[in-house]
Each structure stands twice: as C-alpha cells, then as structure tokens.
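Colleague: Sharing a structure, written as structure tokens. Questions coming.
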Amino acid sequence: MATHKLLLLPGDGIGPEVMREVEKIVRWFAKNGIGFETETDLVGGAAYDAHGASISEAAMVRAQEADAVLFGAVGGPKWDGVPYAVRPEAGLLRLRKDLGLFANLRPAICYPALADASSLKREVVEGLDIMIVRELTGGVYFGEPKEIVTLEDGSQRAVDTQLYTTAEIERIVRVAFDLARKRRNKVSSAEKSNVMKTGVLWRQIVSRLHKAEGSDLQLEHVLADNCAMQLVRNPKQFDVIVTDNLFGDILSDIAAMLTGSLGMLPSASLGAEDPKTGTRKALYEPVHGSAPDIAGKGLANPIAMIGSFGMALRYSFGLIEAADMLDKAIANVLASGTRTKDIAAPGANAVGTQEIGDGIVKELSALS
Ligand SMILES: NC(=O)c1ccc[n+]([C@@H]2O[C@H](COP(=O)([O-])OP(=O)(O)OC[C@H]3O[C@@H](n4cnc5c(N)ncnc54)[C@H](O)[C@@H]3O)[C@@H](O)[C@H]2O)c1
Ligand SMILES: CC(C)[C@H](C(=O)O)[C@@H](O)C(=O)O
Ligand SMILES: [Mg+2]
C-alpha cells in the first residue's frame, strides 16, 4: 500500500479544532486502503509562543519533504502586538513563498442542501460551482519596498508595492486555462487596468495568451470591483475567475458567503509541476481564519478543512474516486440536516464541530 506523507499544521484558534476532524477522515481512509503517514508541527502564534518565530526551520524542512501540507489557520488578538516579521500570518506567507505555491484554487460550490443558507436567494446560488484561481506568491503581499518610514516632521509614510512580472502572470493564467478546459470553458480575468499598471500588464498578457494558447476558451476581462458586484448579483455567470493575490483574497471571501459560510470554502495552493517526478509541492487550507470569536467553543464548521483534504486527495494524490466519495459524504451529512450554527436554518438545532466530523466518517462507511 502506497503511503502518502502529510504534514499537519493546525495553527491557532479554530485551526486545531477543525484539524482534529480531518484526522478522523485520514484515519478512516487509512483503515480503508489509502495509507497516510502524518506528522504534526506548530505554526503561527503557537509556533511564536514556542520558538519566537511563526514557523521553525525544522517545520519548514518537514513541509518541503511532505507530499502535502494540511494547514488549519493562524492568528488572533493574542499576537496583535507581535512584530510584523514574526506575526502568526508570516508563517503562512513564508510557506507559500518558500514552497513556490503560486496557484491558489478556491472552489465555491453551493451544496444542494445549503441553497437556503446562502446570503442570497435560492435561485441565485442553486447549482453554483465556480473556481477562483488566485495568484499567491506575488503582488502587493510580497512586492518591495514594503515599509513604514518616519519622516523628518515625525509623521510616517507606509508603502506596499504591487509588482507582477510577465512570467508570474503567464503561469497563473495557464493554470486557469487548464482548469477551464476541464469545466465550462470560460475564464473571467479580474484586475483594475483602469487604475493600476499591474492591471494593464495583466490584461495584455491574458489577451495575448488567450490568442496564442486559449482560443478554444471564452475569455472576458472584468474590473475587480465590478467582479465583486457581479458575484453577488449573478454568480452563476462565472466559471473560472483568475485574479491577483489581493483581489483573490477578497473575492474568495465574498464567494464563500454564496455557499452559506466562510466555514464551507476549501483551498489548494499548488506549486509548479516537477518535470522529472510529475509531482508538485502543495498546501491545503480552508479559506477562513482562526475565528477568535468562536475558538475553543466547539462551534467551528470543519467542512472547509475537510474539503481541503478532499482537494489533497484530488490534486496531490490523483485519488479522484476517494475525493468524490468524500464530497458525497459531506453532501449527505448536509442533506440530513446536520449543520453547525453558521449554516443552520434560523431557529433550527445546530450541532458542534465534532458531530460533523463523526457524521462524515459514518457517511463514508455507508458509501463504501
Ligand atoms: N489562512 C489563515 O490562517 C487565515 C485566513 C484568514 C484570516 N486569518 C487570521 O485569522 C484571524 C481572525 O481573522 P478574521 O476574524 O478577520 O477572519 P476569520 O475568517 O477568522 O473569521 C471571520 C468570521 O467568520 C467566522 N468563521 C470563520 N471560519 C469559520 C468556521 N469554520 N465556522 C464557523 N464560522 C467561521 C468567524 O467566526 C468570524 O465571525 C486574524 O489574525 C487573521 O489574520 C488567518
Ligand atoms: C492570513 C492571511 C495572510 C491570508 C491572506 O491574506 O492570504 C488569508 O486571509 C487567506 O485568505 O488565506
Ligand atoms: Mg483571506
């Protein structure tokens, strides 16, 4: 039996709570013929408290050596005063950058049972299945200079730099084109070419690549602010949305609410394929954060985290049947009315984090 090496980085707040539920799923698959070898390490505030850094060098080595990293969430008010370079979120940014995880796939799928849990009307979201492809290692998150400078008069000036190169744009657009070909053949490219030079370059490159390599696909350019509005007005017009790091961060939180809750959206962060081995570095994490307002109460929805493991089965291990089965198990649990508070109907009884994990394990057994 092949054994897949997983590094689990639960992190802070609800991170460890949702990771515990994934571990139940991993154990179920291990018992049923898909072997996983897991290691666990610290990241974020938990790593800062232990080592004074938001990820240790040893954990970075483990991440480089793993077949896939499962990441919970980092951050929280406890670390508000921590210096920028070692704040909890820096650990996540370092993992993305050092592992070269430039392609962040954030699927927003409205499960049939949740069409009434969305912020929007049932008919607007029923059957929704869109894929946001977010560039993850460039843009304003990493551009230099990035600093706060104190001026002569004692006042300060803060600078962040939005920077993109041709190569960075080309590789993320190719990921979006490839995904669209397996879906509904439509790509919407979101930027702000009306005010940003990076947006102008982005649009030029998307148009050029479309002509040269993607003429089988339908392409539209959409300004990012309009894209945000259209996601709320009529999200089903989209198939694949490709966008930069910051716009992708914001648009995916909007998309999450179309599916019922931020606790529903999984993600895959992928590196380039190694031509020799055909493998790629990968990290899987929910789109949500550490949710300090509900942490420690057993209320967190673990489906975004469990769905992220499903993406690992699909994208890192090519276990499509297992991934489909996990999706079906999630859909069945939701259809049975078992819901955490964030997706429960008003007035309906909600269950806790653990009941969702247990319910999904039970469904997996029923389906197998
Ligand atoms: N990938 C990450 O680790 C990540 C992502 C986003 C934010 N953060 C960090 O998390 C901290 C808190 O940020 P925030 O409050 O702005 O965003 P958040 O995503 O943690 O929470 C926003 C809201 O969504 C709710 N929510 C989030 N996940 C949920 C879940 N699984 N089930 C039910 N409800 C859920 C929270 O209760 C909260 O009301 C910050 O330090 C931020 O930097 C980390
Ligand atoms: C925690 C933070 C650095 C992160 C981001 O901004 O990319 C988060 O919001 C996300 O969506 O993954
Ligand atoms: Mg975000």
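Each Cβ is built from the backbone N, Cα and C atoms, and glycine gets one as well.
A TrEMBL annotation is a machine prediction, not a hand-curated record.
From TrEMBL, for reference:
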DOMAIN    5-360  domain 'Isopropylmalate dehydrogenase-like'
BINDING   76-89, 289-301  NAD(+) binding site
BINDING   ARG96, ARG106, ARG134, ASP225  substrate binding site
SITE      TYR141  site 'Important for catalysis'
SITE      LYS192  site 'Important for catalysis'
BINDING   ASP225, ASP249, ASP253  Mg(2+) binding site
Colleague: Could you state, as a whole number of Å, the largest distance between Cα atoms of any two of ARG96, ARG106, ARG134, ASP225, the listed substrate binders?
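Modeller: Taking every pair among ARG96, ARG106, ARG134, ASP225, the longest Cα gap is 26 Å.
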Colleague: Checking proximity to ligand 2 here: which binding-site residues out of ARG134, ASP249, ALA295 have their Cβ closer than 6 Å to it?
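Modeller: Result: ASP249.
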Colleague: Of all the binding-site residues here, ALA291, ALA295, which one's CB has the most other CB atoms within 10 A?
Modeller: ALA291
Colleague: Using Cα coordinates, what distance in whole Å links TYR84 (NAD(+) binding site) and ASP253 (Mg(2+) binding site)?
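Modeller: With distance taken Cα to Cα, ASP253 (Mg(2+) binding site) is 23 Å from TYR84 (NAD(+) binding site).
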Colleague: Does any of ASP80, LYS192, ASP253 have a Cβ within less than 6 Å of an atom of ligand 1? These are the recorded positions; tell me which, or none.
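Modeller: The ones that qualify number zero, so the answer is none.
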Colleague: So what sits near GLY76 (NAD(+) binding site) in its own chain, CB-to-CB under 8 Å and at least six residues off in sequence?
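Modeller: Non-local contacts for GLY76 (NAD(+) binding site): ASP12, GLY13, GLY45, PRO88, SER290, PRO292, ALA295.
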Colleague: Could you measure between ALA291 (NAD(+) binding site) and ASP253 (Mg(2+) binding site) for me? Cα positions, answer in whole angstrom.
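Modeller: Cα-Cα distance, ALA291 (NAD(+) binding site) to ASP253 (Mg(2+) binding site): 14 Å.
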Colleague: Same chain only, sequence gap of 6 or more: which residues have a CB within under 8 Å of the CB of ASP249 (Mg(2+) binding site)?
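Modeller: Result: ARG134.
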Colleague: Under 6 Å from ligand 3 by C-beta, which of these binding-site residues make it: GLY76, ASP249, ALA291, LEU299? Sequence order, please.
Modeller: ASP249
Colleague: Of the recorded positions ASP80, TYR141, LYS192, ASP253, LEU299, which one sits closest to ASP225 (substrate binding site) when you measure Cα to Cα?
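Modeller: Smallest Cα separation from ASP225 (substrate binding site) among ASP80, TYR141, LYS192, ASP253, LEU299: LYS192.
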Colleague: Is it possible to get the count of other C-beta atoms within 10 angstroms of the C-beta of PRO88 (NAD(+) binding site)?
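Modeller: Excluding its own Cβ, the number within 10 Å is 28.
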Colleague: Test of understanding: give the count of other CB atoms lying within 10 angstroms of the CB of TYR141 (site 'Important for catalysis').
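Modeller: So the number of other Cβ atoms within 10 Å of TYR141 (site 'Important for catalysis') is 18.
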Colleague: Compute the centroid of the Cβ atoms of ASP225, ASP249, ASP253, then list the same-chain residues not in that set whose Cβ lies within 8 Å of it, in sequence order, for the Mg(2+) site.
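Modeller: So the additional residues around the site are ALA224, ALA228, LEU246, PHE247, GLY248, ILE250, LEU251, SER252, ILE254.
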Colleague: DSSP on PRO88 (NAD(+) binding site), three-state: which is it?
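Modeller: Note: PRO88 (NAD(+) binding site) is helical by DSSP.
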Colleague: Report the same-chain neighbours of ASP80 (NAD(+) binding site): residues 6+ apart in sequence with Cβ closer than 8 Å to its Cβ, ordered by sequence.
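Modeller: Those within reach of ASP80 (NAD(+) binding site), by Cβ under 8 Å and sequence separation of 6 or more, number none.
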